[in-house]
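Below is one structure, written out as structure tokens; comments come after it.
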């Protein structure tokens, strides 16, 4: 698909004097990380296909501060939060959708006390909503039909905020064979990236967390590991490589699977 | 002279309860060493949590074997202790089985007690086997040596002995056995004592009766020194437990104040601080007094079951972090601080030690992925993650002691608004990339 994506910014919307239905919070990973950018693009393809009236902040978006907060730098977190809130409130944002559970959690839970009150949705929740309202029809795809897929619960989506069903509902709609790992939902094992671990070497131990989690996934004999978080995606991709299974098993975001199934 | 046993009983009872009360006072004082935190919100949800999680054991049964056994011991413990009420009245008044005047229902209840006593006894033996023969991994982690290991077994021995004493007491009570009702279990124990004279039986019965009540009082007083405190503290702890989504961490108010001041264009940066401004709060926690009192209550409530540690991704991959150890360290340090205060007439004298470094190492703290698995796993709503976060805050904001890579990441966020060294102006480049 070579057609260009339509990605209006809030500034453009403002200039046109219109308020989009929803703000897409891309997040730092989704903006800069090569693997995560594919997820971002896949999600936008879905938005474009359904003609969702959305916008991004573009260069006005800044890191949510989630990772700084969890590293212990509350000061930096609140500086980021206050700055972002000023921009979001300036644009009178009401609803935000994001493909990053870390942004989701921070915007939804930690911004309100600093003056930022928005209805925040994870992209799987938003896509599910589009589906339920009949705006998006997900057809059982021939490419994915019957494929064995396991879903890795991102900590900040699942345990962190109790969102377990939306991603699973979407996967089932695709007509895939959804298999659960032995540790799933509330007892899902972390991919190893949270709490700022993504940005540092792990402490000394017997194994890396992402490898252990990848072993959980490989045990299910799934050929696709689905996730809903750019960091989980990186960690699981690395884990699959560490297990030398990259030719048999791929790691995909739910948005990518949907875009692929719908041939977007 | 005939009042001697009654007087003796009263003295034993008062001493037992008095000493316990003294330690409870100490416990409350120690917990109050923590910072204040507002937990007055959402009372109905809090009651509900307490009823479901502590009273209803809802999280215990997530692990079915341990859960069901625990429910048996818990129900048995509560119900059989109704018997203690009778023992106390009998002891003080010199009566014998005073409740038996109600007749049939009494013997039905004793039947129930006897059945529960056996169930508890069997469950406790299975617990002992799990700990000592099967050696379940979570009971053999590094922090489970010496006292914590013995403590776990002592409690089981205590319960075995108490249940045995209860059944022996019933079995050797000839008066009770002669009614031949309510002795559903003890009738099978009676033959063990066949051939003994009435007076020997009576002595055994009295001994079992006394040991039973003394044992219960000793057990009560043992609680303060043991992980077994959870039988009491699980209730307030689940009441005060976290209500917000697990992913949500608290925002530091002291920081909010400073950030708001920095962002306020009307503020005079050169103004002298007002006279009555408080000294700036310490950011984060390096010792137990920097934690809030709910976190300290958490530490006393921990029963070292290790469900948290057995689900911690860091611990599962051989890192030093163990959420259970975080709680045990917090409690040990708090006890040390409490003893220091007792010794120094009610004031804490700096002992050159603190929770950070002397108990919990930075290596443990930095291994946490903040995944909340420990919080989710805890059957009594303990939140080890919040303590880890407070200590990271201290390391970063008071000591600038984050790992180098994290410092780089934070510098990037400060400069470019992203954790990587990319230009903010490139944030939308993905749009036109293929």
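Each residue, glycine too, has its Cβ placed from N, Cα and C.
Automatic prediction, not curation, is the source of TrEMBL annotations.
As stated in TrEMBL, the feature transmembrane segment covers range B:65-89 out of the listed B:65-89, B:240-264. Within the listed segments B:109-129, B:172-192, TrEMBL records transmembrane segment for the stretch B:109-129. Feature annotation (TrEMBL): of B:36-54, B:131-149, B:207-225, the stretch labelled transmembrane segment is B:207-225. Looking at B:6-24, B:109-129, B:150-169, the range that has the most CB pairs within less than 8 A of the transmembrane segment (B:207-225) turns out to be B:6-24. Helix, strand and coil counts under DSSP for the domain '4Fe-4S ferredoxin-type' (B:357-390) come to 19 helix, 1 strand, 14 coil.
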